[in-house]
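Here the structure comes first, spelled out in structure tokens, and everything after it is commentary.
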């Protein structure tokens, strides 16, 4: 089992300072009077300083996480096999394709090996570029081969430095988003500092480097920053076209680098849909964003050899349904309050029904079942009936897919982030409710007034009523929806906590937020708003600096070392004592490391988005169930297995409670009662066979005729399978 031990010594702008507030019931762009020369110069200076601060913070974050990674593992000093073992579970699988491309005789042969891969799943040839999101590994490997850096930089460092460099992009994008929302780069500075101070809850890149989300989230942050700018009023046509192009590129790269992109963008599409229905976003821009999501995903589908899981995604069905429903209901935003509410309810029902029908039709045509495990998991998670489905329970029992732990909020509160976030969320939610109600009820009033009088009435109302800019409205709904996702599934918290930094810093530095609060308290003056807008963020920054700077310095000075001798011994034995064509069976997590470190063929692996692979994995895992040696041998040989690796940490698992241990999941799926004290469902029966992984170690004749132990240490037992005719 991999551990980390203490290292042994002795080894060698204020660019838009006060943006003009706009009606949420979006109106046509108006001409803005030019800034005076002095104001223009100040804006240029402020943008320059803010940009320098953004780049500096991004680079510092990149260096920070790279240093933490080095200090945790002593990465520069450990052996190559130890470096590869440190890429745990699916991380090792993804990195293995980068290594494979680097070691190929040519780029063409490397690509051919990925398109016609017969080592990732035994007795089966699969297209890796279709099944997995590994274009980033392909691109990096080609870049490494053509750049003159081989003599100066090892392939593994080129890979990890690229990921750490993307963290700089991530932080800069968060910084810019907060700056755009608030109008001051002080907000961006605060967002970046909160991101760093809450690193445990905002990123895990330093110990899961090749994970798909570490590639994708920086591009998602760039997309959100571009959408924030797009939703501003008074954009010139050229600015709008350029911003739409940035949104498209970022959406495409985000979709290309993460298999769960469709679910994240579905939540984003829901946010756009809600705001569009409430007349809080310009409809034309929302339409463009729907089209960009569809086109970006379809382009990825083409690159992934028409991956059916993408074509059958809910996102495409939903966006198409919204566009169709909007065409059918052309007068959706006309009429009085009750009339509009009735139309909205019908609109929502129409979109929902169309989405389900289109999605069902596509899946029926394509015979698509790749994502069914996700919906089984969601059904069981939210209490729509208990399940004995092995795949669903495998997810349900993992902590990463459980509810967000309460101690997360105590950590976020220690930096004041959660307190500020809650404060800003409450204020803007109240403002959004008021604005939404006004937008739904105001149309009938304006329809009876002439055009010039409408403008005067709007301006008069703006003096006395609450307003919410489109970009702020989008940020509000975005953070609420992704917050719900994070609360329900801990693994997705990184999508929420990073935006939490942006949202809280924006609220703390926003003149509009303080203006709203001070007006409610009857304390509003322009001067007081400006003083609060700058003083409170500066005080917060000083608090974060004084409280967390010493801890960060201590963290950077703590030196540890990678230590996993049992796995290293196993990998070295496999490389030295088994043929290169040997096929290995075992746990998904371990086999990813076997492929990376030894290049041997696998029976199964951690990339779970394929029905056949899920069925195969369940069969392979019978090595930890109560089955006869003949049955297990037959199952393993049907997948061409030559060697099977048994792990004591799984066979005698104590990490999970009874009912969630892997052996318990297998017992229930097989209809057998579980081991240990506790209740069992009444229809479960005792197995006539003992547990295979325990009984095989006794070297009984019924086992030795099928399996011969060829390697053993404190953690692993390797058995060679007899090849009976």
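Every residue gets a Cβ built from N, Cα and C, even glycine.
Where the annotation comes from TrEMBL, it is an automatic prediction and has not been curated.
Here is what TrEMBL records for this protein:
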{"type": "COMPBIAS", "residues": "1-10", "note": "compositional bias 'Basic residues'"}
{"type": "COMPBIAS", "residues": "24-33", "note": "compositional bias 'Basic and acidic residues'"}
{"type": "REGION", "residues": "1-37", "note": "region 'Disordered'"}
{"type": "TRANSMEM", "residues": "41-66", "note": "transmembrane segment"}
{"type": "TRANSMEM", "residues": "179-197", "note": "transmembrane segment"}
{"type": "TRANSMEM", "residues": "217-235", "note": "transmembrane segment"}
{"type": "TRANSMEM", "residues": "242-260", "note": "transmembrane segment"}
{"type": "TRANSMEM", "residues": "266-284", "note": "transmembrane segment"}
{"type": "TRANSMEM", "residues": "296-324", "note": "transmembrane segment"}
{"type": "TRANSMEM", "residues": "344-362", "note": "transmembrane segment"}
{"type": "TRANSMEM", "residues": "416-437", "note": "transmembrane segment"}
{"type": "TRANSMEM", "residues": "472-490", "note": "transmembrane segment"}
{"type": "TRANSMEM", "residues": "502-525", "note": "transmembrane segment"}
{"type": "TRANSMEM", "residues": "531-550", "note": "transmembrane segment"}
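Most Cβ pairs under 8 Å with the transmembrane segment (472-490) belong to 217-235, among the candidate stretches 217-235, 242-260, 296-324, 531-550. Take the transmembrane segment (416-437) and the stretches 41-66, 179-197, 217-235, 242-260, 266-284: counting Cβ pairs under 8 Å, 266-284 has the most. By the Cβ criterion (distance under 8 Å, sequence gap of 6 or more), the transmembrane segment (179-197) is not counted as touching the transmembrane segment (296-324), fewer than 3 such pairs being found. Long-range contacts of the transmembrane segment (531-550) within the same chain, counting only residues at least 6 positions beyond its ends with a Cβ under 8 Å from a Cβ of the stretch, are 184, 186-187, 189-190, 193-194, 197, 414-416, 420, 505, 508-511, 514, 518. Listed as Cβ neighbours of the transmembrane segment (344-362) (distance under 8 Å, sequence separation of 6 or more from its ends, same chain) are residues 273, 277, 311-312, 314, 316-318, 320-322, 324-325, 328-329, 332, 368, 440.
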